[in-house]
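Feature annotation from TrEMBL assigns transmembrane segment to B:26-48, B:55-74, B:80-99, B:108-125, B:155-175, B:205-226, B:246-267, B:279-298.
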Amino acid sequence: MAEFLQYLVTGVTIGSIYALAALGFAIVYNASHVINFAQGEFIMIGGMATATLTAAGVPLPLAILAGIAGAMLVGVLIAKFAVERARNASVVTLIIITIGASIFLRGLAEVVWGKEFHRLDSFSGNAPLMLGGAVVTTQSLWVLGVTAALILATGLFFNRTMAGKAMLATSHNRLAAQLVGVNVRHVVLAAFALSAALGAMGGAVVAPITYSYTEMGIMLGLKGFAAAALGGLGNGVGAVAGGLIVGIAESLSAGYISSAYKDAVAFVIIVAVLVFMPGGLFGRAGTERV
Amino acid sequence: MTHRLLGLGLLAVVLALLPLGLPNNFYLDMAILAGLNAIVCVGLNLLVGFAGQVSLGHAGFFGIGAYATAVLVSTHKWPALLALAAGALLSAVIAFAVARPILRLKGHYLAMATLGIGIIISIVLRTETRITGGPDGMIVDPLNVFGFEVYGERVWYWVVAGLLLVTVWLALNLIDSPVGRALRALHGSEVAAETLGVDTARFKAMVFVLSAVFASVAGSLFAHYAGLITPAKADFLKSVELVTMVVFGGMASTFGAVVGAAILTVLPQLLTVFQDYQHMMLGLILMLTMVFMPKGLLPTLAGLVQARTSLGGRR
């Protein structure tokens, strides 16, 4: 039982990061129908900036904010100069544009921060807590708390604020939103900025657990995409659920089956689910307009 | 018809004359790697360009071919051609098994599913260390066909060039056949194609299997040529590289796929002059090309030429 609880804690912790990435995918997908393959790079930017800036003596909160600001700037630039200009291109062309962006960002990160691993101390000491026989690091609590706060804030933003409602309206019907006065171009930029901020914050809190390096975003991003597809693309609640499901399944199978195949779990789940439910777990079946 | 032969003839002339312009084995090596990539891309273009079905997992099939050759020839001492055929068969069986359920998916869900399959294959290759040698990869014996050993860049060049011509010829014939018309029809609208009696599921599965076999054969040859195969040749980034070549050169253009493969094989080598900045440059070039030429290089250029002369056929 203690063992199971331990795997569960580990799974929920890493699942939180997948959930933040998946939420980022969902927000961008809603605003622009683009799957942003550079989403993982936002996580990397958050982790790297926080780790290197604190190492240079910058206070932690400031370093995190700088990482978030940097990621948001990059997100807006990608949206403005790449995605918006190519908005009528085919799905595969848009995929390659965002993959081009991710290759560029990894290259840039190599130049700025180097290829080595960067260490970041836990936010509040290394003494772990015991919870029903399972070891819980304080950093896990940080990850869970920050993720919960961010998800709550995102939910409030979309349901309570005018800007959030405008973004939701755009995702339902771009033309109709435009007709009632929503500036849909700003919506796309805001979506990229918001998803970049979520990713970078996730990267900062997970960095003490995973270390940060220029390629840390590749797998995190792909698993985030898997989680987003699992929940049904564009479904925010589904994305969060998908992230947690992927994280927990990964941790349990690493513990009970094989740790070597840990990274494959997310993809086995998503392929199996899509075969039976082509719109993900919580997505509606699509219809084709002829 | 004549248009098709003209293009094929032009490609043959270019391939025949190319070695004269290549000063040493370094360039010949690049031409061989470009040719092997082009074989994969011509097949992948049938799926992505003509049938309109995204795949972000084809490096998995490249990897299956390469590892089938590595394991069967180097460990079990099978004849090379038999191992190549076995790899192609295995790729075809896997592709056939997943094709129907997966190709029902559309757009990003299809991208996700193919990406997932590719990653699962590459993780299996990386993890089954006892068979595949794990992350370090495997040494592969040279290609030996009926006692004749394919050896040295010059011989390899002609082998790959010949096979590329055959691949292109097959693809061009397929595109101009009823199968090709069915694929283009379902690309336009699956519902419309079905009302005209096209069994869309069957045709999509067929072209998926075919493209997987092309990738597998190229993988087998690559394993022999390089003499070393690692799981990196089957991973997500390699899959991305392959699709990028297709889209960069021009979707639904067979020669575009060849040009895309050639340029994107050579480009990273040229960009090494930028040293630390090479990956930034590669990403930037990909983004700019796709933003300003969303149809890809060859169709955009062809469009410019056509606009200027305002006559001549399609493509």
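Using N, Cα and C of the backbone, Cβ positions are placed for all residues, glycine too.
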Intrachain residues whose Cβ lies under 8 Å of the transmembrane segment (B:246-267), provided they are six or more past its termini: 7, 11, 30, 33-34, 37-38, 40-42, 44-45, 48-50, 164, 168, 171-172, 175, 184, 282, 285-286, 289-290, 295-300, 302, 315
Beyond the flanks of the transmembrane segment (B:55-74) by 6 or more, those residues with Cβ under 8 Å of it: 40, 44, 47-48, 80, 82-84, 86-88, 90-91, 94-95, 110-111, 114-122, 125, 131-132, 138-141, 208, 211-213, 215-220, 222-224, 229, 231, 233-236, 238-243
Sequence-remote partners of the transmembrane segment (B:26-48) [C-beta within less than 8 Å, at least six residues beyond its ends]: 18-19, 54-55, 58, 62, 153-154, 156-157, 160-161, 163-164, 167-168, 171, 174-175, 183, 207-208, 210-215, 217-219, 221-222, 225, 242-243, 245-247, 249, 251-254, 256-258, 260-262, 264-266, 269
Positions on the same chain near the transmembrane segment (B:155-175), where near means CB under 8 A and six or more residues out: 4, 7-8, 11-12, 15-16, 18-19, 28, 31-32, 35-36, 38-39, 42-43, 45-46, 50, 143, 183-184, 210, 214, 217, 221, 225, 254-255, 258
Cβ contacts under 8 Å made by the transmembrane segment (B:279-298) with residues that lie 6+ beyond its boundaries: 244, 247-251, 253, 255-256, 259-260, 263, 267-268, 271
Tertiary contacts of the transmembrane segment (B:80-99), as residues 6+ beyond its ends and Cβ separation under 8 Å: 61, 64-69, 72-73, 117, 121, 141, 143-145, 204-205, 208-209, 211-213, 215-217, 219-221, 224
